[in-house]
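Asker: Got a structure for you, questions after.
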Amino acid sequence: MDVANQLVAQGQFRILKVPLGFIKVLEWFFAIFAFSTCGSYSGIFRMAVECKNRTESSLSIEVEFEYPFRLHQVYFDAPTCKGGNQDRLFLVGDYSSSAEFFVTIGVFAFLYSTAALSIYIFFFEKYKENNKGPLIDLGVTGVFAFMWLVSSAAWAKGLSDVKTATDPDKVTTMIPACGVKENLCREVHDPVMSGLNTSVAFGFINLILWAGNLWFVFKETGIIAPFMRAPPPQAKPAPDAYVQQGAYEQDPYASNQGGYQPNYNQQGYNQDAEYGQGYGQQGAPTSFSNQM
């Protein structure tokens with residue numbers, strides 16, 4: 001418990017809030033959804049064969065199938081409408097390759113996402129050391145993105161074939177008794193394919209997540225850093241200078257002086273000089289010695 005507590009205390013869980021870690025969490029969840037919805041599937045459909053002789057009819061023929069969809073191994077018994085005998089018939093097709101490939105990619109994606117999250121949280125500094133971690137992560141992420149594309153497309157085609165092979169209307173054509181006009185063959189219950197449809201959707205969602213995560217892993221490699229230029233420094237705007245009449249240049253020391261600063265302008269000084277000259281010309285005493 002002490003070791004676990006130390007690891008939790010040293011863990012950098014903030015990485016889960018940035019796109020690199022958050023998308024990896026989504027990949028972890030959707031990988032589970034993808035392989036679980038496909039790998040745990042089992043379906044059943046029912047058919048009815050009504051013979052001319054009602055006592056030989058079979059109104060509930062159940063056919064069960066499941067992952068990995070080796071349908072050629074799935075069989076059922078159908079009446080021949082001839083003396084109460086029955087024929088053992090097999091479905092057609094083997095779609096295990098695409099299904100198993102899809103589930104395998106999902107399982108390995110889940111395991112890699114678990115390992116990557118552990119490294120992000122507990123060993124992120126070593127992960128970025130010498131850029132080896134991001135480069136390996138980038139390569140593996142690219143491989144998984146491509147594998148999700150291939151496996152999802154293959155499983156989508158395989159699922160379409162599975163739906164065709166398990167369609168009760170198609171299966172009834174394989175029953176010899178259904179080719180006789182006096183007999184009536186019909187479907188009773190279709191297989192529920194919603195889980196398999198969801199698995200294909202999860203596969204393509206994983207493709208989007210892994211392909212989109214390539215950019216965020218690529219930024220961690222630092223390869224793009226030499227090609228990114230810093231924005232040029234912005235020149236500070238020059239202070240406005242006013243040279244019009246009545247304007248003055250602010251005393252640089254005025255901001256450091258407190259109190260009121262009077263606004264003396266050139267025009268005011270000229271008026272005082274003119275007033276002084278006029279006062280002297282009118283005979284006003286300019287000094288104490290002249291009055292004596």
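Glycine residues also receive a Cβ, built from the backbone N, Cα and C atoms like all the rest.
Taken from TrEMBL, the feature domain 'MARVEL' covers 15-222. Taken from TrEMBL, the feature transmembrane segment applies to 21-44, 101-123, 135-156, 200-218. Among the features that TrEMBL reports, region 'Disordered' is placed at 254-292. Summarising the annotation, TrEMBL assigns compositional bias 'Low complexity' to 256-271.
Looking at the shown structure, what environment does each listed feature sit in?
Answerer: Within the model, the domain 'MARVEL' (15-222) shows a mean pLDDT value of 92, rounded to a whole number.
For the transmembrane segment (101-123), the residues of the chain that approach it from at least six positions outside its boundaries are 7, 10-13, 15-16, 20-21, 24-25, 27-28, 31-32, 34-35, 38-39, 67-68, 133, 137, 140, 144, 147-148, 151-152, 154-155, 199, 203, 206, 210, judged by C-beta separation under 8 angstroms.
Taking Cβ pairs closer than 8 Å, the transmembrane segment (135-156) reaches residues 38, 97-99, 101-102, 104-105, 108-109, 112, 116, 127, 199-200, 203-204, 206-207, 210-211, 213-214, 217-218, 220-221 in its own chain, all 6 or more past its ends.
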Asker: Other than its close neighbours in sequence, what residues sit by the transmembrane segment (200-218), given a CB gap under 8 Å and a spacing of at least six beyond its ends?
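Answerer: Those are 19-20, 23-24, 26-27, 30-31, 33-34, 37, 102, 106, 109, 134, 137-138, 141-142, 144-145, 148-149, 151-152, 155-156, 159, 224, in sequence order.
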